[in-house]
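These notes are about the structure you will find just below.
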Amino acid sequence: MSRRLTAATKREQRSKRLMTPLTKSAMDNHQSMQLTGENVSNGFSSQIFSNTKQTMCFVRVLKSWSSTWYRSGSRSDEEISDPWYQVAFVLTTGVNSAYVLGYSGSIMVSLGWLGGILGLVLAAAVSLHANTLLAHIHEVGGKRRIRYRDLAGYLYGRKMYRLTWALQYVNLFMINTGYIILAGQALKAICVLYRDDNALKLPYCIAIAGFVCALFAFGIPHLSALRIWLGVSTFLCLIFIIVAFVLSLKDGLSTPARDYSIPGSHVSKIFTTIGSVASLVFAYNTGMLPEIQATIKPPVIKNMDKALWFQFTVGVLPLYAVTFMGYWAYGSSTSAYLLNSVNGPTWVKAMANIAAFLHTVIALHIFASPMYEYLDTEYGRGKGSAFSFHNVSFRVLVRGGYLTVNTFVAALLPFLGDFMSLTGALSVFPLTFVLANHMFLTVKKKQLSAFRKVCHWLNIVGFSCLAVVAAVAALRLIVVDSKTYHLFADL
């Protein structure tokens, strides 16, 4: 027994030495929590703010998601102070990231007008329903479960805790890979504007984008250092959304009749349609709703319902505007990166692409931060300044290695639409639809009628099958595109 106590004391002392300024702040703000969990890193997904209050809300979300030293899956009401509209802003800005530039070419081209519109609307409806189910079981066992995997662990046990953790990090890795592809496409588009000799190919642009992301990661030691960049990212997001919409509108008014037919053979249409279904759910969901809900003030369920309704009504309008306008203007020839299709003044297109490139660098760092925090705390962080030689060297080695893997995968398979489909199949379907329905059924089974229980089981089975089919379709799309364009393709 004494040996166990000694080992535990040593681990606790080591934990204190390894704490970053952010994790220390998180511990100070959560002294009232019970120590029930294990020291593991938290999943994280984040959005961007444009004023001081929203930035502070964002930082609290970061603390909930990224601190390895939270030992409890609950949180006291006294520590929650964010109104519903700030949380709604978090959800809305996540939907309207640089990925909106890819939906015209990846979703609408594959589904056409009828399928695309119905698909986006139905995906929003089922996503709202699934997220509402999850929001309504935020308080279980008399505590607020502030992390998805804590809720899964409480309901199902340790194995499900680990599986949920793995799904969340797969989700973040895939999102980061997509961001590097987007950054590479933006960089190549800038080069083409001024030098159209195809000297700088897409894989090289992706490598440069990954290098810039790594430099940014080396210079941002912890999440609290991101504050000023969050407002910058929001401003950049507005630039490329407005430019894409306006230039698409101009082109659509001046261009003759477009072809809106769905390209490909009968078999390929089937697989692209299934893959697009996964892209549809990817567009609306992060798989991190409990972590977002952790920042909202009581009444928790009522306020979260307001935030979700705002996200899926008003919040999706910019996404719809850019997606539909892009497809209307260019039809089935719409590029997978919308800014490649638009025509207009060179300086305006350059500004939009620069904004998209810089936005993806910041956004990637936000989504990669959970892994950074995990690596920092798992493998050690030296004492002293965050910019000491030891700590900077550690970040260069560890974060650089993580981003090297991301960049290599992005350059190897630079098919943005395929990655969105694969992410939706591997992580969004299981986390947002399968688990949400089963968790709700587990918690509320005594309160549900037989009919509702059957409905939830049908959702569980149906979405599970759809996830498997969508994963197969997405992998097939990657294989076909790899054969068509070859690996390290210059799209």
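Positions of Cβ are set from backbone N, Cα and C atoms, glycine also.
Since this is a predicted model, take the numbers as computed values, not measurements.
Feature annotations, courtesy of TrEMBL:
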- 84-101: transmembrane segment (TRANSMEM)
- 84-475: domain 'Amino acid transporter transmembrane' (DOMAIN)
- 113-137: transmembrane segment (TRANSMEM)
- 169-195: transmembrane segment (TRANSMEM)
- 201-221: transmembrane segment (TRANSMEM)
- 228-247: transmembrane segment (TRANSMEM)
- 267-287: transmembrane segment (TRANSMEM)
- 308-330: transmembrane segment (TRANSMEM)
- 350-375: transmembrane segment (TRANSMEM)
- 396-416: transmembrane segment (TRANSMEM)
- 422-443: transmembrane segment (TRANSMEM)
- 455-479: transmembrane segment (TRANSMEM)
Exercise. Answer with yes or no whether the transmembrane segment (455-479) touches the transmembrane segment (169-195) by the criterion of at least three Cβ pairs under 8 A, sequence separation 6 or more.
Key: no
Quiz item: Quick one: do the transmembrane segment (201-221) and the transmembrane segment (350-375) reach 3+ CB pairs under 8 Å, ignoring pairs fewer than 6 apart in sequence?
Solution: yes
Quiz item: When you scan the chain for residues with a C-beta under 8 Å from the transmembrane segment (422-443), skipping those not six or more beyond its ends, what do you find?
Solution: 126-127, 130-131, 133-134, 136-137, 140, 148, 151-152, 155, 164, 167-168, 170-171, 174-175, 178, 277-282, 285, 287, 289, 453, 456-457, 459-460, 463-464, 466-468, 470-471, 473-475, 478
